[in-house]
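Peer 1: Let me begin by handing over the structure; questions about it come next.
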Amino acid sequence: MNSPDRHFEPATQTADRLVYASTWETAGRVWPSNERQLLTCCRVTDETHDVKTFEFRTGDGLPVRFEPGQFLTISAVVGEQSVERCYTISSPPTRPFLVSITVKRVPGGVMSNWLHDNMVVGKTLDAYGPSGSFTPTDWHAPKYLYLSAGSGVTPLMSMTRSSVDLGQDRDIVFVHSARTPADIVFRDELHRLARQSPNLRRFFVCEGVGDEPDWSGGTGRLSLELLSKWVPDYLEREVFTCGPAGYMSAVRALLREGGHNPERYHQESFDITEGVAPAPVIADAPANAPQTSFTVKLSRTSRSFTMSGSETVLSAAKKAGIKIASSCSQGVCGTCKTKVLEGAVDMHHNGGIRDREVQKGFRLLCCSKPTSDLVLDL
Ligand code: FES
């Protein structure tokens with residue numbers, strides 16, 4: 001996950017935020033990111049044979065406030081079960097009235113197959129507002145390198161579209177890996193964006209040529225040799241990477257081998273099997289007396305439940321029939337982030353929350369066990 005807080009060119013960073021903010025303000029009231037929203041599908045586009053883009057507008061027409069690289073948590077009833085999954089947003093914040101996700105159909109994937117088979121124009125689903133810290137808004141640099149594989153292209157596409165929409169002509173090299181040329185998502189659009197923005201260069205590397213024998217892009221897998229050829233100044237670039245866990249491990253290893261500064265490397269993954277180093281346990285002040293049963297109150301709804309100190313707040317809430325937005329249940333994605341108004345927990349997360357959010361009283365309920373009675377901002 002991202003390295004510790006480090007910021008570049010605060011003036012430019014502020015400028016980006018101001019542009020996004022003025023878009024949202026022009027649009028009026030925005031969708032508060034901690035509220036569940038009903039989204040209505042208004043367009044479905046086939047990107048490749050197994051990837052579709054689903055575009056949504058909010059139920060009450062509110063613009064969506066987010067930063068490029070952030071994700072939505074989608075909630076749907078599949079069969080008898082309520083299923084929640086995180087998807088990074090592929091549309092840019094410069095077009096706030098429609099928000100899109102681009103989804104690859106995964107064999108056995110519950111949500112991806114449900115979306116491909118059921119989501120049509122006019123159909124609705126629930127979503128929780130955008131979150132996530134995988135965004136270049138906090139990491140301004142003179143030069144960027146975007147590395148993606150498969151549907152990992154989506155957050156980087158949102159970043160690229162934003163930059164082009166704002167006429168920034170940033171120095172971006174976009175290197176995308178795919179199985180075959182036919183599997184390259186947004187291939188035509190990336191060519192078009194590169195024509196509009198001369199400092200944007202794109203390269204594609206495919207494992208095989210498939211049914212395009214005259215393919216002139218790279219073949220095989222991304223290697224240090226290929227990277228050095230296409231992006232000779234890669235050591236000077238702020239790197240953003242998204243793709244399957246194996247791809248990101250390989251990319252990280254080759255950048256390390258090439259001498260790239262790991263502090264300038266950022267990656268996004270909801271793959272909880274990826275070797276994310278667990279952060280230290282964050283323990284609030286311990287309770288005064290040993291106690292094994294605690295009361296949890298929800299301040300906004302006046303609901304409450306009791307739970308043992310050996311389970312997480314999220315799982316106890318679910319048992320009590322209380323729905324709390326969640327996805328990974330491993331402290332990775334940040335979806336269950338909630339402010340603890342009173343009381344203390346032990347939290348053992350995997351990078352899904354920032355230090356400054358912890359200081360403001362937020363905790364990830366999926367990996368927090370109470371050490372006292374709690375009042376939550378829910
Ligand atoms: Fe992902 Fe809690 S559900 S961090």
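Easy rule for this one: first residue shown is 1, then count along the chain.
Backbone N, Cα and C atoms are what each Cβ position is placed from, and that goes for glycine too.
Under the heading domain 'FAD-binding FR-type', TrEMBL lists 34-137. Annotation comment: TrEMBL describes 292-378 as domain '2Fe-2S ferredoxin-type'.
What does the local environment look like for each feature on the list?
Peer 2: Applying DSSP to the domain 'FAD-binding FR-type' (34-137) sorts its residues as follows: 11 helix, 52 strand, 41 coil.
Mapped onto DSSP helix, strand and coil, the domain '2Fe-2S ferredoxin-type' (292-378) counts 15 helix, 29 strand, 43 coil.
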